[in-house]
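Down below is the structure, laid out as structure tokens.
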Amino acid sequence: MKIVKQLVIILSICVVSDGIAKALPFSFPGSVVALVLLAILLVSGLIKEKQIQETADFLLVNIGLVFIPWSVGVLYELKVLKGQLLVFFFVVILSLFLTFLSTYYTVYFVQKLIAKRKKEKKHGRSL
Amino acid sequence: MEEVFKNPLFGILITTMGFLLGVWLQKKFKNFQLNPLLNPVLIGTLFCYCILNIFGISYEDYSQGGNFLASFVLPATAVLGLSIYRQRKILKEQFIPVFLGCLVGSLVSISSAFLLGKVFNLNDKVIYSILPKSVTTAIGVDLSAQLGGNRSITILAIMVCGMMGAIFHPFIIKFLKLKDKVAIGAAFGTSSHAVGTTKALEMGEVEGAISGVSIGVAGICTVIIALFL
């Protein structure tokens, strides 16, 4: 019964979010609306973590399972990439590394900047 | 026999079996360098594809059950909201650097895919399909449709980013002597979503937690950037 209750809560959030996403004047993914809505409900305390815990954890751990059917479909449509497959891999992988490094160095330098400011503030006060 | 294959339970069964096989292989070869290639999604996909071809079952028949499982993509993505909530403490402390990192990373991901695609003459449909390549699958697929891309190419690009990231990011980290745990986590989550997060978790608790949060944050950033495209 517990799992059913949890499923009802999670599915309700999804259906409502899908509705909100479709009602928006611009296109916006329902999945992101659902993710944000759930986080807001949890932070505001309207939903308690234990009210969705087991079912949510099951979905989090096994998220890969629900992607397999789409992924099987990909193999049937690989011909759309005919003649471009190698370049496709090259572009995707190069862009992937650029993404990784730009994220790393942004976080790294912003942290340094914040730490420096804090230090200066402290220093300023002690003077 | 054909009646059996048309039963939705058949598609669900072989998908679950393939996934289980992948999980088992990944555990069994834990210390294998190319372990991320034993990703349960990839193994599960190949398993299903083999079964369909061996028994001459059509993709349409498989889809009876496949579509049922695929409809759970939305709830499985929504619960990422819970993983963000669980990490609210560390996220609060590191919010500005992590948010800016995800934002810049998402911008670089989209713009570099676009520019490289143009430079190397990929056709426009393929370019639009690879723009959301670094986000989690559900969000990427929605964005791909929005931008006029092809769903299958997007999924392939997302899988490549996950697996190649899990394999090669550790080498980049070693080679460039990257040490900052929060930054490593954000970089994994932003560039290689859930598959990268599995690797980040192996590197440490902070890396894993930040990586998990970054999947959601980078997804939101990418969606917002896409509004302006």
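Cβ atoms here come from the backbone N, Cα and C positions, even for glycine.
Annotated in TrEMBL:
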- B:6-25: transmembrane segment (TRANSMEM)
- B:37-59: transmembrane segment (TRANSMEM)
- B:65-85: transmembrane segment (TRANSMEM)
- B:97-116: transmembrane segment (TRANSMEM)
- B:153-173: transmembrane segment (TRANSMEM)
- B:209-228: transmembrane segment (TRANSMEM)
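Residues 7-13, 15, 91, 136-139, 141, 212-213, 215-217, 219 of the same chain, all 6+ positions outside the transmembrane segment (B:65-85), place their C-beta atoms under 8 angstroms from a C-beta of that stretch. Panel annotation: around the transmembrane segment (B:153-173), residues 33-34, 36-37, 39, 41-42, 125-126, 129-130, 132-137, 140-141, 143-144, 184, 187-188, 191-196, 198-199, 203 of the same chain, lying at least six beyond its termini, place a Cβ under 8 Å from a Cβ of the stretch. When each of B:37-59, B:97-116, B:209-228 is scored by its Cβ pairs under 8 Å to the transmembrane segment (B:6-25), the top-ranked stretch turns out to be B:37-59.
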